[in-house]
Amino acid sequence: MNVQLHPMDRVQVTLPNYSYVLNFEKNFVYSESQTWMRDHFPNCFYYSAIYALLIFGGRRYMSDRPKFELRGLLALWSTLLAILSIFCFSRILPEMYHVLTNHGYYYSVCVPRYLTHNPVSSFSLWIFTTMKLIEFGDTVFIVLRKQPLIFLHWYHHITVLLYAWFSYVETTGSGIWFSLINTFIHSIMYSYYALKAMRFRVPKSISIILTTLQIIQMFWGIVITTSAYYYIYIAQIQCNITPTNLIFSMLMYCSYLILFVNFFKQSYLSNKRVNKEKKNETKTQ
């Protein structure tokens, strides 16, 4: 395949104007973290295997034991993850806005300047990737509190870690889209979990909105992956996404879309139908 350089690759690199830049952001070097994560990439599979053993072993262990409440710890855990998500979103968003307004959509999908030329956003991408491992802790609370452990939950956690780590190592151009949307949704989601753990009365409509946003996220992931495919194989323009990453991304987002739509139907639409039927039965009695 003959791939031609897109004119965008030769534009002068400029950075967004941040109102403040922290020292650890300024001194962050993407190439160093990338090297470490490349060398330790097999660890993803070890972590995932340990995670699976612990959660399923833990669920079996808890089967004949009383559940733990852990509301205080869950509130603290969710608050910390909400803060991290908000922080990452606030640092990635200016980079995305800058790229779209100055260079356009193609650049946002294919050129990984958010990693290679912007230490602020690249640091947040490193935090974002690391968080995918930390978020395994969500399942610990589910197991210890004896809540339902659905396939979507643990499958999502494992595959997101593998894909995020893999994409970070490969300097994937479209990673900025995935991280931006994910941190936005997680900012809301973990804030919601924290408030619920603190026993605040949160409208059920919030959970419906969250699931809807997640479905939109999966659909948009498919759009971004399809765009990358178009640039590489149809327009034959240079795009920093490998064929392996394209396949992984498409399979992952399609499976997520199916699972989240099914979850939405079972959680919100089926319940409404059952409640309606119960009301009708009551009226006829």
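From the backbone N, Cα and C atoms, a Cβ is placed for every residue, glycine too.
Pulled from TrEMBL, these are the features on record:
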- 45-62: transmembrane segment (TRANSMEM)
- 74-93: transmembrane segment (TRANSMEM)
- 123-144: transmembrane segment (TRANSMEM)
- 151-169: transmembrane segment (TRANSMEM)
- 175-195: transmembrane segment (TRANSMEM)
- 207-234: transmembrane segment (TRANSMEM)
- 246-264: transmembrane segment (TRANSMEM)
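Taking pairs at least six residues apart, the transmembrane segment (151-169) and the transmembrane segment (74-93) share fewer than three Cβ pairs below 8 Å and do not count as touching. Here the listed stretches are 74-93, 123-144, 207-234, 246-264, and the one with the most C-beta pairs under 8 angstroms to the transmembrane segment (175-195) is 74-93. At the 8 Å Cβ threshold, with sequence separation of at least 6, the transmembrane segment (207-234) comes into contact with the transmembrane segment (246-264) through 3 or more pairs. Residues of the same chain lying 6 or more positions beyond the ends of the transmembrane segment (123-144) and with a Cβ under 8 Å from any Cβ of it are 24-25, 28, 30, 33, 37, 47, 51, 54-55, 58-59, 62, 67-68, 70, 73-74, 77, 81, 84-85, 87-88, 91-92, 114-115, 153-154, 157, 160-161, 164-165, 168, 175-176, 179, 182-183.
Long-range contacts of the transmembrane segment (74-93) within the same chain, counting only residues at least 6 positions beyond its ends with a Cβ under 8 Å from a Cβ of the stretch, are 18, 25, 114, 120-121, 123-125, 127-128, 131, 134-135, 137-138, 141, 145, 176, 179-180, 183-184, 186-187, 190-191, 193-194, 197-198.
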